[in-house]
Amino acid sequence: MDSSFLFQIIAYLGSAVIFVPIAKKLGLGSVLGYLIAGVIIGPSVLQWVGSGTQDVMHVAEFGVVMMLFLIGLELDPGTLWKLRGPILGMGGLQVILSALLIATICSLMGFSWKEGLVLGLTLALSSTAIVMQSLGEKGWLDTVAGKSSFAVLLFQDIAVIPILALLPLLADNASAVTTEGDTWLTDISGPAKAVSLLAAVAIVVLIGKYIVGPILRVITRTGMRELFLVGALLLIVLIAFIMQKVGLSPALGAFLAGVVLANSEFKHELESDLEPFKGLLLGVFFIAVGASINIFFVWQEASTISMWVGLFMLVKIIVLYVLAVVFKLKIDQRIILAVSLAQMGEFAFVLFSIIGQLRLLSADTINIMVAVVAVSMALSPILLLVADKLILPRLNSLANPPESEEKEFDEVNENKKVIIAGFGQVGTIVARFLHLNKVETTILDYNGDRVEMLRKYGFKVYFGDPTRYDLLKSAGASKASIIVSAFDNDEDHMKLVHMVKKHFSHLKIVAIANTRNLAYDLIENDVDRVYRVGTDIALRMGVDVMTELGYRRYTVYRASQKFSKLEEKSLYKLARIRDKGSEYIQMVQETIRELENELLDDMSADDNSSVKNAWSDTERKKGEDEN
């Protein structure tokens, strides 16, 4: 093996290990850390990597494909259908308006209408890799702005198809260009080509729906986890290959395959196996982008590049902000959406390569615009940082808990009967109660700062992700009896439930639900015991309020106990019809009436009881302890 190749691997990985933690520590985010690492090892500074940067970038773009596949796994077809409005509306308007405004500006600056249109279509696209990674790090993917950003990016991936078809039509020498992506359909045009493209998409969907599942089931029966990983990687490579060969976006194909597999039993296994590869390839991709920035060229053309970067990003910010207003996003969500999508995208590098072959733009213009794209990508994490630290706090917007310091997960070798996953407020109280009653527990939590603090107080807490199969196995899940799911967020609850149901089905699951919808999800997945956050505290407060108003404490306490039982009973009944619209509403109304009648009858009966009227605070506390 060529020693220079090994040295380049060392350069890429070593620079990431050095600069990414520094960037994270300074609050700059990992994306900017990777970009800085690329600039440092690139031709402009240390010159450790150079001529092979574009080849590395093409390989690393597979990380973007993998990311879209994993995103697709999170969206079943029903959820995707619900997003059709933002995808077609916001996404379509963003591409059209941004392209037209950029084309107009370029025409006013001396470009021909054809050159302006080419630049508009190319630069209207944003970076899926940077946006999804940055929003994910900040915990904004599940916000309205995060979902809207995803919808816009998805439409942009779809828009690449007509853009690729349009470019040769604008050129005088379309026959001179050869692209690797359309070799299978080179001799096909018009309606026949459109049908072929639709057939390719249908093939991807059919592969995901009818072929992948049975193959993965056969692989899982072998008991070899590494073979399952090989199969998953083969699936994504095959889909990317098919889509590329017919001239479609490999990322779009991977996304569709992910959506098809979203409801399969392999969803969480695929996520846990592919996530490390996605992170590694995206990191290498960002480093390659940083290495492609020629600092000397940027310095020589600083005024020109700065002008174009400022103009193009400003246009996209204005368009996105206006669309956010039209679609009635709140002001903080408007800012997040506009700033996160302001940069130009990685697909611009591919488009400019094709544009060069078609001679739609001069070589000098392409060099400047490639630099503009790279600089805008480098500026994107900085703009998000400014928005997060300086603008959003003044709007009383999203609260961001401090990120825990990254470190290796603890090694766990325990065989306790109870495992507690998540050691927040609820998990802490459960653990303390069990400990005082001589019940030993294994406690797992992935918040490094929390683990460190609780260890100082004497708690034996292990740092690690409780939703991972290998960690649960080493924590003694095979021999444990009960697992307590006490996470702070809904997604981790469901990941843990699916993991336990699949690999440790003997375990009884006790879970705390932060929302009613999560409670319904847990009940539908046959979780043994489901508790709503805050129910007991709210009832105790209600008892105290009514006592202060003069009601007899015993009567009110009895009413609270009955309310709690009826509420739990109704929760399980309503979970079965949560999606049935009018039937659900009718059941809620009946439940409310039933609660009212039961409580009124109970309190009326208690009013006539002289024994219960004499119930003292001391006896009340004793009664509560017995319950």
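Heads up, the Cβ atoms here are built off N, Cα and C, so glycines get one too.
In TrEMBL, annotation is done automatically, which means it is predicted and not curated.
Note that the coordinates shown come from a computational prediction; the quantities given were computed from them, not determined experimentally.
Some features that TrEMBL has for this protein:
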COMPBIAS  606-616  compositional bias 'Polar residues'
COMPBIAS  617-627  compositional bias 'Basic and acidic residues'
DOMAIN    415-531  domain 'RCK N-terminal'
REGION    603-627  region 'Disordered'
TRANSMEM  6-24  transmembrane segment
TRANSMEM  31-50  transmembrane segment
TRANSMEM  56-75  transmembrane segment
TRANSMEM  87-111  transmembrane segment
TRANSMEM  148-171  transmembrane segment
TRANSMEM  191-212  transmembrane segment
TRANSMEM  224-242  transmembrane segment
TRANSMEM  248-266  transmembrane segment
TRANSMEM  278-299  transmembrane segment
TRANSMEM  305-323  transmembrane segment
TRANSMEM  335-356  transmembrane segment
TRANSMEM  368-387  transmembrane segment
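For the domain 'RCK N-terminal' (415-531), the number of residues in each DSSP class (helix H, G, I; strand E, B; coil) is 50 helix, 25 strand, 42 coil. Ranked by Cβ pairs under 8 Å to the transmembrane segment (31-50), the stretches 6-24, 87-111, 148-171, 191-212, 335-356 are led by 6-24. Highlighted: of the candidate stretches 6-24, 278-299, 305-323, 335-356, 368-387, 335-356 has the greatest count of Cβ pairs under 8 Å to the transmembrane segment (148-171). Proximity of distant same-chain residues to the transmembrane segment (305-323), defined by a Cβ-Cβ separation under 8 Å and at least 6 residues beyond the stretch ends, is recorded for 90, 93-94, 97-98, 101-102, 105, 123-124, 126, 152, 298, 334-335, 337-339, 341-344, 368-369, 371-372, 375-376, 379. At the 8 Å Cβ threshold, with sequence separation of at least 6, the transmembrane segment (6-24) lacks contact with the transmembrane segment (191-212), having fewer than 3 such pairs. Mean pLDDT for the domain 'RCK N-terminal' (415-531) in this predicted model: 84. Across the candidate stretches 191-212, 248-266, 335-356, 368-387, the maximum count of CB pairs under 8 A to the transmembrane segment (278-299) is reached by 368-387.
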